[in-house]
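Working notes, beginning with the structure itself.
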Amino acid sequence: MVVHLISLLTQTLALIILSLPSIINTSQLDYDTLVFKQCDPLDANILQKATTKSPNYSNQNLFLRAQALSSFLRKLESESSRSKFLKTLVGNEKHAVSGWFQCREDYPSEICHKCVGDLREISSRSCGNATSARIHLRGCHLIYKFERIDTPGAQVNNHHKYKLFETPEHGLIHKICDGATAETFPGFEEMRTEALTAAETGVVDGHGFYEDSYKLLHVVAQCDGHVEACDCGECISSAAAAAAEECRWSIAGQIYLEGCHVGYTYHPHELPNDSYHEEGSKVNTGKSLAIVVGGVAALVFVAIFFMFLKSLRKKGDDC
């Protein structure tokens, strides 16, 4: 009996140890930190038409508008469990919402789904009355705008009748430059230029995503899912130029353009970590894994010890 229990507990411990790396890696992902949000104010023209005479029109219009946005966000959240990117248009007889969500390509599907759920909450809480919004978290982002439907009784059933956002022009949207500088480190600018140049070709080969370490820099680059390969490379090239200009001596920087974003982190005294190393995330995976495994093993051996004592006591009672 004791031998059987020991065997069972040993197998359980082995399964736990095998699953721990993925659990710890997932828990490390800083996917839900807000990077920035932009909510454009509500346009009064959306709430009323000059030809409208009904006093209840504004309330009804607000309801239909909120309904369209809610349907749009629900669809994105639902699809995020199966896809890392979705560009779509959803609406009713008065309003349509066009836009997309995108998750960081190397994050697991469950993290993508959680991240888009957070986007939906932030949008509802902070941008509920906006005509357009852009929300970026560390692990995903959301962009949408309202499309005016002027035809009475029009239904948004055929997406080809309505335009989504046009091809981006790679304009600067947001930047984050670390306050610490690398001015005293020789060769920093050249190293960053080489690392970001590698990202330009990397996103083309990687179908819009690149994450790698180059010498003492860690670089992450990604284009929006609807951006073609050649445009993606050009966008990252523009982002690299913006990083050199806007964050010249910063040891870490993030540049967000229309269509893509790029981030880099400089590690002058250590080699960058592998995948999932993001700005501000420096968790020691090996140490965490050792602590957890040790704790689980201790619990298992304590359980075996008590079972052994119980077995001896039972034998004594039988005598």
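Sequential numbering from 1, following the chain as shown.
Glycine residues also receive a Cβ, built from the backbone N, Cα and C atoms like all the rest.
Taken straight from Swiss-Prot:
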- 1-26: signal peptide (SIGNAL)
- 27-288: topological domain 'Extracellular' (TOPO_DOM)
- C39-C127: disulfide bond (DISULFID)
- C103-C112: disulfide bond (DISULFID)
- C115-C140: disulfide bond (DISULFID)
- 170-269: domain 'Gnk2-homologous 2' (DOMAIN)
- C177-C247: disulfide bond (DISULFID)
- C223-C232: disulfide bond (DISULFID)
- C235-C260: disulfide bond (DISULFID)
- 289-309: region 'Necessary and sufficient for plasmodesmal targeting' (REGION)
- 310-319: topological domain 'Cytoplasmic' (TOPO_DOM)
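Annotated pair C247 (disulfide bond) and C127 (disulfide bond), C-alpha to C-alpha distance, rounded: 29 Å. Distance from the CA of C140 (disulfide bond) to the CA of C103 (disulfide bond) is 4 Å. In terms of DSSP secondary structure, the domain 'Gnk2-homologous 2' (170-269) contains 36 helix, 34 strand, 30 coil. The average pLDDT for the topological domain 'Extracellular' (27-288) in the predicted structure is 84. Closest to C112 (disulfide bond) by Cα-Cα distance, out of the disulfide-bonded residues C127, C177, C232, C235, C260, is C260. Using a 10 angstroms CA-CA radius around C223 (disulfide bond), the disulfide-bonded residues that qualify from C39, C115, C127, C235, C260 are C235, C260. In the three-state DSSP scheme, C127 (disulfide bond) falls into the coil class. In the structure as shown, the Cβ atom of C235 (disulfide bond) sits within 10 Å of 27 other Cβ atoms.
Shown in sequence order, Y31, D32, S80, C103, Y107, L137, G139, C140 are the residues of the chain, 6+ apart in sequence, with a C-beta less than 8 angstroms from the C-beta of C115 (disulfide bond). Of the candidate disulfide-bonded residues, C177, C232, C235, C260, the one lying closest to C39 (disulfide bond) when CA atoms are compared is C260. With respect to their backbone Cα atoms, C177 (disulfide bond) and C260 (disulfide bond) stand 17 Å from each other. Every protein chain shown contributes to the tally, and the Cβ of C140 (disulfide bond) ends up with 27 other Cβ atoms within 10 Å. If you take the Cα of C235 (disulfide bond) and the Cα of C127 (disulfide bond), they are about 27 angstrom apart, rounded to a whole number.
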